[in-house]
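Annotated domain 'Acyl-CoA oxidase/dehydrogenase middle' per TrEMBL: 194-303, in sequence order. As annotated by TrEMBL, FAD binding site applies to THR198, GLY237. Residues annotated as domain 'Acyl-CoA oxidase C-alpha1' in TrEMBL: 341-492. Taken from TrEMBL, the feature active site, proton acceptor covers GLU477. Per TrEMBL, the feature domain 'Acyl-CoA oxidase C-terminal' maps to 536-668.
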Amino acid sequence: MAFSSSSSTSLTDQVARRARILTSHLNQITTSYSSPSLERSVCLEYSPTEISEKINFDTAEMRKLLDDHNFDDRDWLFGLLMQSKLFCPKTSGGKVFVTPDFNQSKEQQREVTMKRIEYLLDRGVFNGWLTKTGVEAEKRKFALLDVIGIYDHSLAIKVGVHFFLWGGAIQFFGTKRHHDKWLKDTENYVVKGCFAMTELGHGSNVRGIETITTYDKNTGEFVINTPCESAQKYWIGGLANHATHTVAFSQLYIDGVNQGVHAFIVQVRDADGNVCPNIRVADCGHKIGLNGVDNGRIWFDNVRIPRENLLNSVADVSPDGQYLSAIKDPDQRFAAFLAPLTSGRVTISVSSIYQSKIGLAIALRYSLTRRAFSVSPNGPEVLLLDYPSHQRRLLPLLAKTCAMSFGANYLKRMYINRTPQANKTIHVVSSAFKAAFTWHNMRTLQECREACGGQGLKTENRMGHLKSEYDVQSTFEGDNHVLMQQVSKALIAEYIAAQKRKKPFKGLGLEHMNDPCPIIPAELTSSILRSINFQMDIFFLRERDLLHRFSSEVSQLQAQGESKENAFMLTYQTAEDLAKAFTERSVLQTFVEAEVAVSDGALKSVFGLLRSMYALISIEEDISFLRYGYLSPDKDAAVRKEVTKLCSELRPHTLSVVKSLGIPDAFLSPIAFDWVAANTWSPAQQ
């Protein structure tokens, strides 16, 4: 190929120019490498958030509203956990952190979990958990369990199974003879209890469990048997290594007639730790998380227990084999046997919100000190949280977590002050909140992990293990999708009952159904979008419309010949939409109630931002508002725009809200603070 003279000259000039640039660049590199040390001015330095960020309101006051009760008891236990090497204190970046050592083997994690329980027992943490009654005793128990869960999920579950499931079953299902014999020894860990309900073949469908118990009137004993492999009790927390006794749920047969599911006390191990005769125990094995809990499997080979070991508050069997129960309806009797699961759903709901708080506190603190990129050629790098995209990732989750805190407190208070009349409401709300809050927690932890970049992968920064440890929450005490469908079944039952009796709605928060249908304004200005009236109205509108739709769909299917059960199965999508609407409306109401009680102007202003963020992000994320026409596309766009504005307005208050979450520094992680010092090279670490 031939080149012209001008082309050749141009090419030569380009080569020369590039050579000059490379020479200059190499000279700069040589100069920099010949320097004895790097200039400090070119290195990033950690600057504490407390220096750069303003505290705009009383964070102690907000913490009281979020934690709700027993602040001194919480702080006492936080201090207790930090005082012992059992809780793995570690210094990093000049601060002490306490977190379990997840690098230990399954066996080591299980044994140290038991040692931690013994440490807490010796220091009076569990005093009165089963032997004291009344609101104050229950509030103390719940508060201390919150703290235990903030430290370690395995420890909280091991304690929760023993006190809330085994101990709760003795309290709820037992009578005075059981209380006198078992509760004090359970509180003192002389007896180590577990809760054998789930089977290999049946989890959520408790009514279908296959374990069989018969009564032998000749000896006055019950005989418990595992008739097939699918009837083996599975995932029984505390069983594999430590439990001495269990509450076993079984089908009770009297003279060949199945009386349904009942609960029995069965001794599993003797005083020396040996498994009792005619009982087989096996380990469930290593799990993706929660390895500090010794989940086990159990088979009963015609195990004989005294007649007195039937927990008989709901039903009893006389010495001569007569079945006795004041509750004649089998369905109502079965519902009574599920009572302990309510406490489990309450504690899971509360726990999942605290884990979201931990993840957000770490990720947001990191984003307030970590910088990336600059917006001008020679300008400083920008804080992560000053990027609108980063705000959009984390601040709506922070608002949701605060909102759900008030929902969790409402549920906890309702449970602690429970009456027989409130049982249905507690069941419905605990089912809804357990599902919604655990889903929220897993989403939050994943977003926080990603928002921390590579540092989020390090074990010491907690994100990965928080995800794996708490993943199980969406499964135990009821599959989330099943629970949400149960919520909608309860709502439609209330709807049909109100229509039949032609009386106003009362209960489950459905009183708004008695009012005229809300009307959404033609124009959604910023002030309207942020108003409590608009937010409540549109949540009411969604719930009442979905309740009408769900009822109509079920009725139409039944009219076409489908059974009631099949009709519910076929309308599951509307059912879950309705349950979500019920849940978010309930949470918003609890937030509004908390906000109304605030008198401090600065705090009230932040509450308004958080409440509006919760309401509007819930609207934006639920396609129901567009699918069913509650909002037009342009109004939905207005909501989205307002969320972005709220992010920028919440940004200056981020540290203040984080400091209000009730999580001490020691229970966070190194990247939440001086992540430069935490990663500084030290000969001792090599």
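Positions of Cβ are set from backbone N, Cα and C atoms, glycine also.
Caution: TrEMBL annotation is automatic and unverified by curators.
Shown on the structure are the features that TrEMBL records.
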{"residue": "THR198", "record": "FAD binding site", "Cβ within 10 Å": "19"}
{"residue": "GLY237", "record": "FAD binding site", "Cβ within 10 Å": "26"}
{"residue": "GLU477", "record": "active site, proton acceptor", "Cβ within 10 Å": "24"}
>> What does the structure give for the C-alpha distance between THR198 (FAD binding site) and the residue listed as 'active site, proton acceptor'? Integer Å is fine.
In response: 10
> What Cα-Cα separation, expressed in whole Å, is found between the residue listed as 'active site, proton acceptor' and GLY237 (FAD binding site)?
Replying inline: 12
>> Based on DSSP, tally up the residues of the domain 'Acyl-CoA oxidase/dehydrogenase middle' (194-303) by helix, strand and coil.
In response: 6 helix, 52 strand, 52 coil
